[in-house]
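What follows is one structure encoded as structure tokens, with my remarks underneath.
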């Protein structure tokens with residue numbers, strides 16, 4: 001073949017180096033330090049507000065600046081949390097019937113779930129959703145988390161800030177200073193949140209999974225308590241979440257920063273003794289969150305396909321008899 005053989009091998013080598021898998025890896029490496037900033041600072045910071053007592057009470061403006069209201073056709077549907085200027089974390093079951101991103105908006109920076117029509121500040125903190133990414137790694141398990149990619153970049157201020165996220169090596173158990181927030185109903189009988197529909201907060205304790213499995217064994221649901229979820233609340237039922245809180249964050253204070261540990265997922269009733277709420281374990285899905293943000297953070301042309309086309313077109317000439 002003369003010199004044509006080495007040329008062909010060189011082109012084929014270029015194709016292999018440019019294959020889609022390696023493109024994703026190089027994309028991940030490039031974007032980790034630019035578009036994603038999942039662990040970048042500052043995060044998990046909030047206004048200095050006086051601590052409140054435990055037990056399902058109204059919150060204060062700016063106390064949980066990462067809190068998001070996911071709105072379906074202009075009405076609050078689920079909670080969520082701001083991870084970065086373009087990404088919101090929430091529960092997958094919120095989109096069981098409504099996966100069209102055009103039907104959703106995300107409200108940030110508001111204490112109420114029903115801001116006044118004349119509240120211009122509320123509209124400046126409302127963002128359209130570009131993509132809804134639901135975790136579907138294993139259909140046999142819940143994997144109850146989803147990412148929303150916003151159509152435009154969020155403007156940070158004192159009332160809008162991202163929450164921190166811990167990597168997969170983090171353990172959520174034995175965290176004493178944890179809170180969950182939401183606009184859900186107040187009781188199991190669906191007693192609605194009264195005007196002015198302010199965000200509520202409650203301090204919760206995280207149970208170890210073996211204890212949680214014991215509590216849910218009576219309903220034959222103990223097999224659902226695996227490493228991708230955890231239980232939190234109060235065993236006497238005094239601290240819990242309910243309908244409308246789904247997708248909202250459970251956060252813990254560590255060294256002065258707030259980290260999201262869980263996502264409100266499911267439970268049996270609301271506030272029942274010995275039946276704590278079930279939360280998606282965020283750190284368990286850290287790698288999935290990071291990967292989805294990287295792969296959807298920026299779209300680059302895949303050079304492997306046109307390069308492969310050139311190689312194949314030139315192959316007959318390169319291999320022709322000399």
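The count begins at 1 with the first shown residue.
Positions of Cβ are set from backbone N, Cα and C atoms, glycine also.
If you check Swiss-Prot, you get these features:
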SIGNAL    1-19  signal peptide
CARBOHYD  47  N-linked glycosylation site
DISULFID  78-94  disulfide bond
ACT_SITE  93  active site, charge relay system
ACT_SITE  144  active site, charge relay system
DISULFID  178-252  disulfide bond
DISULFID  212-231  disulfide bond
DISULFID  242-270  disulfide bond
ACT_SITE  246  active site, charge relay system
Those residues of the chain, 6+ apart, with a Cβ under 8 Å from that of residue 178 (disulfide bond): 203, 204, 205, 206, 232, 250, 251, 252, 253, 261
Integer Å distance between the CA atoms belonging to residue 246 (active site, charge relay system) and residue 78 (disulfide bond): 5
Residue from 231, 246, 270 whose C-alpha is spatially nearest that of residue 94 (disulfide bond), among the recorded positions: 246
Using Cα positions only, nearest of the active-site residues to residue 270 (disulfide bond) (93, 144, 246): 246
Other CB atoms within 10 A, centred on residue 47 (N-linked glycosylation site): 13
Rounded Cα-Cα span from residue 246 (active site, charge relay system) to residue 212 (disulfide bond), Å: 19
Pairwise CA distance, residue 231 (disulfide bond) versus residue 144 (active site, charge relay system), rounded so that it is a whole Å: 14
Nearest recorded site to residue 47 (N-linked glycosylation site) by CA-CA distance, among active-site residues 93, 144, 246: 246
Separation of alpha carbons, residue 93 (active site, charge relay system) and residue 246 (active site, charge relay system) (Å): 8
Residue 144 (active site, charge relay system) to residue 93 (active site, charge relay system) - Cα separation in whole Å: 6
Local backbone state of residue 246 (active site, charge relay system), from DSSP in three classes: coil
Residue 246 (active site, charge relay system), number of other Cβ atoms within 10 Å: 25
Most Cβ neighbours inside 10 Å, all chains, among the disulfide-bonded residues 78, 212, 270: 78
